[in-house]
Every structure is written in structure tokens, then in C-alpha cells.
Amino acid sequence: MDSHELRRRVPVPSAAQATDAAAPAAATAAHQLGAEKVAPTEQGAEAQAPTPDPCDAAQDSSDTAQDSSKPEVVLGRTRSGRVFRVHDTPDMLSSIFRPDLPKTPLDLVTLATLAAQLLAFFFMPRPYVHWFFLFYFAFWRMMYNVGLGIILTKQSKTQWVVRLVEKHMSDPKFHAWVKSQLVTKMGRNYAFDDMPIEYNTWLLFRSLVDVILLNDVTAYALFGFLNIHFGGNAVLIALRWSAGVLLLLFNLWVKVDAHRVVKDYAWYWGDCFFLCQQNMVFDGVYEVAPDPMYSIGYAGYYGLSLISGCYSVLFVSLAAHASQMGFLMAFENPHMDRTYGTKQPIAQRVSRPAEDTEAAKIAHDLHYRLFRNDNVVLSNVDVFRSTDFLLLVAAVYAFVPLIGRPGVVLLFVHALGWRIFHSFVLGGALRAQSESQWIVRHFVKHYHYDNEQDAVVEAFANWKVIYNASLLLTYISFGVLAARCYQPFDRWRASGALLRHVLGAMLIALHMWSARSSYRVLGPFGWQYGDFFVREYPQRLQYTGIYRFLNNPERTMGGAAFFGMALISGSLPVIGLAVVAFAAHWWFLSHVEGPHMRRVYGESAVRKESGVTKQVKAAAQRNSSIIRKALKHPAVSEVRASIVAARAHTINAVGSIKPRVERIVDDARGLIEQRSSRLLFMRTGDEVRELDVSRFSVSPRESPLSGTKRFHVGEPISVSWTAASNHSRRDWIGLYPVDAVAQNTTEVNGLAVTCVSSRGHWIGIAEKEWKGDTHTAGDGALGTDGASRVDGDHISGISVFSGKRLYWAAGKYELRYHHDGSHDVLARSEPFEIYVDVEGDVTYDKAYQALSRITSFALADEVPADAEAPASADRDDLALWSHDQVRHITDAIRSTFGVDFAPDIVLADANVAALARHVVQARELLY
């Protein structure tokens, strides 16, 4: 869908909106023949975003020139805080393939598997070898994307690999094998025993990765070579090979340049094991495309597909590339957020001093006044809103012509009409609004407002509905035309239809990704042209996300979906309309958005060169001497003279369109982006019966507020427990509603077994040894604060339920002590009450008092230790840090007042007094 040029009406952190663009970004990168990492989102035009702890970094060019003679010392830091010197790692290809270098067992495994591939390639019978390499490549691709993905995710979350290696290091044979492996790889001078376990584990993991990656790329290459076809038109073969070789060379440049930036540390996911204390300069390929080692880093797949001329290779390449994007989304992005993300509140209301409130509105309140879960295409649809209902009706009616098979001319005119309305009619209105507030003036002229600012809000609200409806119907009408003109094919391969369908689907996917990426940067305010209407909204130009690489993605990718549908349909009218749509939207960008950007933000704030343009210019400068020598050659001079003569005849004609063509060429690059229910198992038997159950007990401690075993909703519950000395460190305590467990408890071998999930309301007695639902080995003190005590043959401790471990609703509850990670009950508490003090009619004062206590409990959890409370004139303002906090507040409101609020209501108010007023008003309407 249409995204917009980087006006980029992006609010300074407010309301459930964006994370501050200046926050440190992740500093790693990656690859296919190595570990892909994500390049940082960069603030501003310069591609130089320092990261907290990247490693083996490229230095600033000026510093490198001065210090090139000095050996660079890179320091690493483990999670425990130990600092160490990071050694240079050997080149992967040299250490494995050079015969004069010693080989480790894993190197020998790599060489053996590669040799087996070559033997199969040359000697396996041809009817079987194609299938062999197809499944062999699929195996190694799954080992990479699924196997390494699972291992790295567990390592990132719980240091699983390090703990596994550390556990087996006590075995002398294993210790000797690992030491031999690493000393052989790193050299005889490598001090294995002096290095931290994290670094040694990473080096061992690196060798395992080499086995997978080299087999993966070799299997793919051999599969492609097996399917090369030489038949057909010689010119087409030459074109295919030329384009394919260029893509392979481009892929090689991407890999080499990425490794120049990130080195082996990021190439092999080093930040999953330790952090390095140095900054990277993300230039080169990292200014050309987002996540380059996931997007353009796989251009070689499509190069070999072109060279082979085989659809099988193309489809295998698409599947492999898609699996790599899944690896990016499932592991890489969450890992980067965990490692480098800076936590920001999802909603924070900070009132200004009373004397300033007339002059400047609160950004948080203004955002939620302007946006109320508005439609973006068909998201956030609520059929109880009249505008949403009518939008759905219009969308359905747009498909009706397909039923009666009307003429192509009628559908063409229908689609063309919506395109003209969307680009030129709405574009003209928006241009007039930018220049003279034309739309707002209309509302001021024809409608009465107690506050004239309300005219702006109403004008913008109506504009959002009209624009979104026009956008949706423009695409639907075009799609209906393409569907009407589509003709099935009998001979897909011979007619080229299969290739057209594949390319068309890729263009549509590219368009959807581009629009989604743009919306993530713009937000609803920028997407719906809010700065044409609302001048008070905090805004700044922000070249992040996709806009780091392209000044305006719409100039190059805004029509991708239209051309994709045109390719699939194979119809000339559809292709013609796609060209018209692209040209119309180009006019809109050039004559509406562009002038408004310069008018509002100034010429100096609008970036002139995108990341792609800068890299092209840099490449031209590096090779200028070669170009100058080539231009002096006699043959070239003769050709130049001919070109100059021809150019003289056409210069007047092309002069008017030259700036436009150059702008399109500059931006033309294709980009591709991308609980807790415990296992209810019953294990009773000899092990449980050997325990002295009388030694186990669990009971809530008295509340500091009530002085009894009654707890206010949201109040932390301290639990005292005792256990036999031979208990399991995997024992855990669950919190359950009495009604839920009354009918869901059975008895096995004389012991009660809980037959209902705790739904995350549980805590391990060795709390710090649990990572999610996984228990890690330990031998420290037990209890929330390590406050355990050993007394003879039993042990006691205190654990605390708080935050999301609690039930945020009044009622009767009980605690259950379970054995060794199972649901076998060794002890249970007497029922106790969670309450809230609201009796009789709910007045504002009662609601305010109850909500003050509820929010204070809800916000006491998950606040970062380094968070500073902002200065605010209103003590009722709230800073909400997570969706869990918001859910706790809404759950408590529903239980306490019988009013069901969506999370967005709490986010929009972000103030205790405002919430209390809404609760009272809602009850007056509902009760």
C-alpha cells in the first residue's frame, strides 16, 4: 500500500509509539556463508551508528590512517563482567583447505562431507543425483535455519551452550578434546586455560558452524550446476549468463564487504556468548540495504537460477531464501532486542506546568485525541463504527463486477477513475491544505466549534476516512481488472507464464514489505499525512528503517504491486494502467509531498542523497582513474564522438525529463526484508513416596497492609515454605483460584495431583535458577531473595509472588507446593482472599482511591533500574513500561468495577484521575 516520503512526522517518544531513534542499535551483521546479523537502524543521513558492545570493529578511516602501524587490541566482556583480550581468529577457508595447516577433527569432518558431495556429483547415476542434492541441500539448510536457530536462541536466552560445555568440562577426556581442538585451530601459543569459558565455547561453536555453512553452500551450488540447461535461443542464454554472473559477483561483494565491517565476531554470532567493547562503522553494504546479508546477500541464489535456466533451482532458491528470512525473524531480531535494546515506556503522560498548557499541548494526549484505532487499509476494523461498516460494504461492492463478467473497458474505466481520484483529486486537496489550510477552512466556514482547534481535529478525522477508503478501493479496483483479464495457460513453461507468475508474486511481496517497513517508521501520523493538518504535533525528520537506504521508497517500490498483478494477468490494458498508476503516484510525490516537505521542514533538513546513492558515488570515485584511462583509448574516443553527435540532436527533448529519470535511477533498488502453561505431566512413584511429606508446608505470610492473610489486588504476596532436606531444586509453588482446583485435583499413589495449568502463576523455590520454564543447575540459597535457612533435616525459605505471577482479580485462592517440576502436590495452603476496597455505589473518590493503589502495584514491576522519573506537574500521570502492566490494570478494573476496558483506554488516559472519571462514566452508562 502507499507509504510516504520521509516527512517524517514522527513524534518524539509518546503514547504507545516509537522507541527513540537515537537509542543504541544492534551492532552485528551476518551472512549465508557465515552468521547473519542485523545492521543498526541509523539516525540521520550518516551511516555511523555506534553500538554498545560490538567487536572487531572497523575504525574511523582517519584513525586507521594514523594508527595502522599499531596492533589493535580488542577487549571482550562476559556476562559475569570478566574482561579479556579477544584473539584474532584464523580465516575459515585457509584453515580448512590449506594443506600445510594442521586440521582439527571438525575440519576433517568438513573436508570429508565436502569430498562426499563431489564424489556423488561425478559418480552417482544421473537419474538419482538430482534428487540426492535436492534433499542433501534441504538437510543442511534445515541444520542452519532450524538447528542453529534453536541452539542460538537458547544460548541467547539462557547461555545454554556455555552451560552445556561447562558441565562436561569436568570430564578429563572432553576437556582434553576441546583443548586440542582449539589449540590446533588458534595455534600452539593459545592459552586455552586462561581464557573464559564463554570465549572457548564460541570458538568451538564456530567450528561447528563451518561444517554446516560450507556443506550448505556447496550442496546448493552443485544442485544448481546439475540443472544447467543450454538449449534455446543463444541470445537469451547469453543474457541469462551475463545477468547471473553479475548477480554472483554482486553477492561476492556483499559478503566480502560485510565481513570487512563485522569481522568474525558478528559473522559467527559472538554476541550470543560475550560482548566486545568497541564500536563499528556501518558503511559500505550496510548503507545499501537493510539486513543486507538476508536480503541482497542472497542475490547469488537468483544468479545461479538464471544461469541454470531451471525452475527447480529458482523454487529451491526462493524456499531457501524464505527460510533464511524466518531465521531473521525468529532468532536474529529478538536476540538483537534482548542484547542491545533500550527499554522505553509504551505510554508516558507528562503534564506541563499550568502556565504552559495553553501554549503547548501534551504530546501523549494529542496523539490519542487524533488517533482512535483508525483503519489502515483493513486493519483495526470495528463494524460498530459507521465509517468502518461502510468501508467494508464499499470493499465488497468493488468485487461485485467479477460476478457478472462485465467488459474490460468498464472495469478499466472504474480502476482508472479511482486512481485519478486518489492521486489527483485527493492530491490536489492535500496540496491546497498544505498551502492555505483549505480543508480546515471549509470546516471552519460551515460548522460551529466552541474551540476552533476542534475544526482541525474534525477535518483530519474525515480526511483519514476518505484517504483510507480511496487507497483501499484503488487497489481493489485494479485487482478486479487484473482478475478479469487473467487467462489460464495450458503450457505454462513454454509460454513463460510460470516465470511471470513467480516474478509477479515477488513484486507484490516486495510492495507489501516496503509498505509495512514505511509504516513502521512513519506511524499513523505520517502514513495519513497528519502534518498537513496538525502543526502542534511533535515531529522531526527521521531517516531510520527503510529510509536509511532510500530517500523515498515509493518512488521505486510504490508501484511494484501493480506491475506484479500486471505480470500475472499478462494483459496489455492492465500493464498500461500499471504505468498510469506509477506515473500518477510519481506526480503526487513530486508535486504534493515534496513541496510540503521543503515548506515545513526546510531545504536543509531534507536529505539529498540516500545510502544507495552515496555508495554508487563512492564506487565511482574509487574507480575514476580506470575510467579516465579507458576514455583515452582511440576506439572509445571514436564512440564518444558518435554519441556526442547523436546527443546534440536529442538534448532538447530529453532535457526536460532527465532530472526525473535520474531520481528514479538513484532510488531504484529492490529490497526484501522480514508461556506459560507448564507441561502438565504427572510423575508419582517411588521417588515421591521416599519423601517425608510432613516436612513440606506452604502458607502466605501476613499482608503489611491488612495485618492478616488478606491481600489487595496487585499486592505482592510473600509465601513461607518448608521442605525436606532431600527435596528437589526443581520444586515449585503454584497459585490457583480455589474454584479452579476444586474440580481439577486427582489422587495418584496417595498423593494429590493438580490437573489444571498454573497459567504462569507460579514460582520456583530456587527462583534464580529458572529461565522461563527451563531449570538451570545451581547450589545457592533458595527463595526470592536467597533467604533460605537449613534447620536439621528440613529447609525453609520465603518466595514472593508479584506482577504477572499474581491474579489481578478479587477472589479466593490457594497455594500448592509441587515436586520436582511435576504437578505432584506435597503441600497446600489454607484458602486466602485477594480483595479490593470498593463497597456500595462507585463514586469518583472511591474509584480514584482504588485505582491509585492498583496502579501503584502494577507499575512497581518491570521498571528498568536506570529509569528516571520525569518531572511532571500532575502526580497522577503514569509511565507504562510494558503491555503486562496495562493488562494487569485492565484486569483489576474489570474485577473491581465490572467495566471491561481495552488496553488502549489505559494507554490513552495514562493518568489515575482520568481513568477514575472514565470508570465512573462507564458505570453510569452500563448499570
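Here the Cβ of each residue, glycine as well, is placed from N, Cα and C on the backbone.
Noted in TrEMBL for the protein shown:
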{"type": "REGION", "residues": "1-73", "note": "region 'Disordered'"}
{"type": "COMPBIAS", "residues": "1-10", "note": "compositional bias 'Basic residues'"}
{"type": "COMPBIAS", "residues": "15-30", "note": "compositional bias 'Low complexity'"}
{"type": "COMPBIAS", "residues": "56-68", "note": "compositional bias 'Low complexity'"}
{"type": "TRANSMEM", "residues": "130-153", "note": "transmembrane segment"}
{"type": "TRANSMEM", "residues": "203-228", "note": "transmembrane segment"}
{"type": "TRANSMEM", "residues": "234-254", "note": "transmembrane segment"}
{"type": "TRANSMEM", "residues": "266-286", "note": "transmembrane segment"}
{"type": "TRANSMEM", "residues": "298-320", "note": "transmembrane segment"}
{"type": "TRANSMEM", "residues": "389-416", "note": "transmembrane segment"}
{"type": "TRANSMEM", "residues": "465-486", "note": "transmembrane segment"}
{"type": "TRANSMEM", "residues": "498-515", "note": "transmembrane segment"}
{"type": "TRANSMEM", "residues": "560-589", "note": "transmembrane segment"}
Considering the transmembrane segment (389-416), which listed stretch of 203-228, 234-254, 498-515, 560-589 counts the most C-beta pairs under 8 Å: 560-589
Range from 203-228, 234-254, 298-320, 465-486, 560-589 with most C-beta pairs under 8 A to the transmembrane segment (498-515): 560-589
Among 130-153, 234-254, 298-320, 465-486, 560-589, stretch most in contact with the transmembrane segment (203-228) (C-beta, under 8 angstroms): 130-153
Result, the transmembrane segment (298-320) in contact with the transmembrane segment (130-153) (3+ CB pairs under 8 Å): yes
